[in-house]
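Listed features, source TrEMBL:
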DOMAIN    A:88-276  domain 'ABC transmembrane type-1'
TRANSMEM  A:26-48  transmembrane segment
TRANSMEM  A:90-114  transmembrane segment
TRANSMEM  A:126-145  transmembrane segment
TRANSMEM  A:151-169  transmembrane segment
TRANSMEM  A:208-234  transmembrane segment
TRANSMEM  A:254-276  transmembrane segment
């Protein structure tokens, strides 16, 4: 195997990056919170103490700490904890779906924009166009055309995140293209798809991962906003956003029903942001030491 | 400079044309017969024919597109199918609320963000930096509509410090107007403040290690004067850049904030239109937002090149 065949970035950095993250207590806290959230979300059907949509009108407005309802109940007597666990599930679902959408479209476009000068201008017009529609407006349009749903909310958020992915992948591609090992591969007679797929993409992976970790919390907040407005997940399906929009009606009577889902969203987003920040610092120690 | 201006202007025009095509195509993509959709509940053949006539739905797509653009350019955005009111005047009534809210939010976010960013950079490694960083991280992670709910619940309802909802026009009572908008502006500004803080901090750290700062210090300028002068100039650039980049988030945030505080602005118009399936209003709202985004970004770029001469040079090259 020629030297130029081994992706440089992956060869040197991986273990060092892991070590740097494990030495950062904040990063570990973030990872632990994320792990807990993922377990609660994935195993919600088995872990949740109650059915999230089951109403018990006789148990409405039970305060937190009530036996059987650790975080209390809402106006219909539904268990807040169970609804939060299922809401986390929906949040993570939308977050991952949205970011996957933006990566599937954004990464190839970013690679092409950085690698082929000829289509760079074309792709940046596309980016400008997408940017002209803020995610909420996109979601409004999509909800009008296709109806409000979890999937459409994820698509709207994902589309809105494409420009960010393109910009980052494009500039990383421009940087990598000017490096010697890429030039060497080209001299050896490698075709464009080979250079892009074998050399540039693997080395751009770390920036893409960092971008994804900061895009997921943004998407989760986006889902909460859309569901809160009624443009995302539709009741009675539990979502942290719809829980807040319900709780708004009776917030003075049962503040916990409005406080808890918000805390859950905040912790989830905070954990992702902390992990994303630490990952970026670990990958680029110069930036953090500044 | 002139060439930069022209190419930037040309890009904006192209984007605007593309955006118009997208909105037009989006309206055609409405499920089923657009006449049926526009008619709402009213399904009798006579009114359907009238709608077809009114909207020229039997014309060719190209003619329809031209009609759409030329009407929109004259400010004629159709009539609401719910109230019959011209959409143009509905938007004209709602926009000032949103513009005032956004400007206040940008002001609040700039003051907090620049202040915290400068402190974080100057007090490197001290508790003050740690606190500023933690606040920025929180600001990025907290759902601001939830923060709004909490503020209403605890500051307005429980303590009675601010009105929980409603709006008073600025020119009828400026004090009351500001009193109603302080809380929404603070809430809308949180995320923006966090981004501005982070950017200010890192650009200040860059600046503090730059040669011209060392020169200024060597000349015997006091640290306060050095930081004050250079921080001010830099922070202006940071704020302008971030506002340009975060404009989409600001517009989205304004919609939610208005919803929570029941402000009669653009956001309320938007959300109401979706629930009432008021298609002419939705179409107009999307078009106006896209146009506003493109125009403001053009202005931001021009302003940017005025503040930072290096951009001009690069544009001319």
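Placement of Cβ uses the backbone N, Cα and C atoms for every residue, glycine included.
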Discussion item. So, taking each listed stretch (A:90-114, A:126-145, A:151-169, A:208-234, A:254-276) in turn and counting its Cβ pairs to the transmembrane segment (A:26-48) that are under 8 angstroms, which one gives the highest count?
Written reply: A:254-276
Item to complete: Flag the pair the transmembrane segment (A:126-145) / the transmembrane segment (A:254-276) as in contact if three or more Cβ pairs fall under 8 Å (sequence separation 6 or more).
Response: no
Discussion item. Under 8 Å between C-beta atoms and at least six residues away from its ends: which parts of the chain pack against the transmembrane segment (A:208-234)?
Written reply: 90-92, 94-96, 98-99, 102-103, 107, 135-136, 139-140, 143, 148-150, 153-154, 156-158, 160-161, 164-165, 168-169, 240-242, 244-245, 265, 268-270, 272-273, 275-276, 279-280, 283
Item to complete: Take the transmembrane segment (A:90-114) and find every residue of the same chain, 6 or more past its ends, with a Cβ under 8 Å from one of its Cβ atoms.
Response: 37-38, 41, 120, 123-124, 126, 150-151, 153-155, 157-159, 161-174, 177, 196, 200-201, 204, 208, 212, 215-217, 219-220, 222-224, 227, 232-233, 237-240, 265, 268
